[in-house]
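Comments concern the structure below.
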Amino acid sequence: MRPAQTNQFDYVKIGLASPERIRQWGERTLPNGQVVGEVTKPETINYRTLKPEMDGLFCERIFGPAKDWECHCGKYKRVRHRGIVCERCGVEVTESRVRRHRMGYIKLAAPVAHVWYLKGIPSYISILLDMPLRDVEQIVYFNSYVVLSPGNAETLTYKQLLSEDQWLEIEDQIYSEDSQLQGVEVGIGAEALLRLLADINLEQEAESLREEIGSAKGQKRAKLIKRLRVIDNFIATGSKPEWMVMTVIPVIPPDLRPMVQLDGGRFATSDLNDLYRRVINRNNRLARLQEILAPEIIVRNEKRMLQEAVDALIDNGRRGRTVVGANNRPLKSLSDIIEGKQGRFRQNLLGKRVDYSGRSVIVVGPKLKIHQCGLPREMAIELFQPFVINRLIRSGMVNNIKAAKKLISRNDPSVWDVLEEVIEGHPVMLNRAPTLHRLGIQAFEPILVEGRAIQLHPLVCPAFNADFDGDQMAVHVPLSLESQAEARLLMLASNNILSPATGRPIITPSQDMVLGAYYLTAENPGATKGAGKYFASLDDVIMAFQQEQIDLHAYIYVRFDGEVESDQPDTDPLEVTNNDDGSRTVLYKYRRVREDAQGNLISQYVRTTPGRVIYNKAIQEALAS
């Protein structure tokens, strides 16, 4: 049993993290007082023992044990040692799933700028510093120096960019014997950026910007407002500008960037491990160069390479050359994992796969009722499997779940009969993405069909904005009796005839249906085959048409003693004939009537076409059913 989740939360807030906060995420103090959490080695696992290397990217001391209830050295095994920290290897005896959420960190030997805030659009670092992005990049990537403090030098201004030669010239002046220059400070790289950002007093800056905006106009005013908005956001969230330059970077849990052994003994690893390894290697090399007091040019080059390695880790390809793997494939950075359709948010958090659902291509089902849909058999047996198993056990056909599953997997004929019983009266919900209004999900009664495509009634297509050119739809099964009742009463397609947006009918015939109705009821005086024939009933007309004795549009007379409505009143007789038996035959424009001497109707023949008879019969049958 897993412990119940007690720490409920309302929302997730994304913001800048301070170096102290990043250390807090990964740092833990062991019972012996040792502080762990910093990843210092680029190694992942020992290829001989296949165990994680200590202080490496998969370190068990930092991230937790690789096996449940077992320390690294093997001194403690089994759940009875729960919570003990091994005094030999320093690994806590706990579940291995802690490796999915325990983090580490890398302490950088030199600060690096966060590429999102440097190269994003807009670039927040350049907005805050009120410098062009090109100049900020020149500083970060060690191409230009920047004046941090002009001192008493008249030729220098705060934030002025200097080339290598200009700085060497000024340096010579500073260190010459008769120099008058004092307090001149010049920096390069992210360290200089850190200093510039730390020097910004947000409240004062916001105050002066508000005063400036009052008198500014046009482009300058828009620029000032943009800068003020960024500064106000920093003040509101309690973030500091210098946090956009990182001195500590977090290492995500190892089980989120796994390393798995393949059949041939080789290992497949997440791209993040390669990117982290590059950062650690360059960071360690830089620390060593600083220790041995290496020449400035070498240290600067190493700092630039560290900046590029961290850029690639956070957002590969955002700036400079894209880091590629073994087969010239760009490595997936943290940004690539988060963003886009296949990213963590859209793929895993917003759109999850759910049980009792399926999806398939839709095809037209012209023989379906409006509240029905055709559900493929193999899909239905999977969706309704628990109900089928329950029915099989209750009916005594099998004794347990295992036997029922075996029966289903064998496609036993009795299973299909049970499935028919189960789905009777059990609505399913069909959804077509994108669900733009409530009619994007509707309930239908499933009808089992052969094949692998879902059959949909053509009249409900406008509500789903569906067509049959390869569209796919998802099926969901409501499980509880309450949800089934709700689906039947509120969501059934036959209950959703009017659009909730406009109040107009959304179920309207279109395309083939309109064309078919028009063709059946159209008049064509040129159709002469069988024209003028008399028929005793509507069925006789259809039979004659099927035997090809009459054309679909030929004018015929069919006996129909009921009331006849027409567009124009048909009351003026064209011809009246008196018969020998006292009755009379009256010929109107659209009918022929025989009456007795008192004017009572004996028989009536209506002029129509076989097409109209077929149309009439189809509507009558639909209404009757």
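Note: Cβ is positioned from N, Cα and C throughout, glycine not excepted.
Look at Cys89 (Zn(2+) binding site): DSSP puts it in coil. Look at Swiss-Prot and you will find Cys71, Cys73, Cys86, Cys89 tagged as Zn(2+) binding site, backed by sequence analysis.
Within 10 Å of the C-beta of Asp471 (Mg(2+) binding site) we count 17 further C-beta atoms, all protein chains included. Annotated Mg(2+) binding site per Swiss-Prot: Asp467, Asp469, Asp471, in sequence order, evidence recorded as sequence analysis.
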Checklist entry - Cα of Cys86 (Zn(2+) binding site) to Cα of Asp471 (Mg(2+) binding site): how many Å, rounded? => result 58
Checklist outcome for this item: By Cα geometry, the one of the binding-site residues (Asp467, Asp469, Asp471) nearest Cys73 (Zn(2+) binding site) is Asp471
Checklist entry - Does DSSP put Asp471 (Mg(2+) binding site) in a helix, in a strand, or in coil? => result coil
Next on the checklist: Given the binding-site residues Asp467, Asp469, Asp471, find the one whose Cα is closest in space to the Cα of Cys71 (Zn(2+) binding site).
Outcome noted: Asp471
Checklist outcome for this item: As a whole number of Å, the Cα atom of Asp469 (Mg(2+) binding site) is distant from the Cα atom of Cys89 (Zn(2+) binding site) by 63
Checklist outcome for this item: Rounded Cα distance, in Å, between Asp467 (Mg(2+) binding site) and Cys89 (Zn(2+) binding site) is 64
Checklist entry - Other than Asp467, Asp469, Asp471, which residues of the chain come within 8 Å of the Mg(2+) site, judged by Cβ distance to the Cβ centroid of those residues? => result Ile362, Ala466, Phe468, Gly470
Checklist entry - Considering the binding-site residues Asp467, Asp469, which residue's Cβ sits among the greatest number of other Cβ atoms within 10 Å? => result Asp467
Checklist outcome for this item: Asp471 (Mg(2+) binding site) to Cys89 (Zn(2+) binding site), Cα to Cα, whole Å, comes out at 58
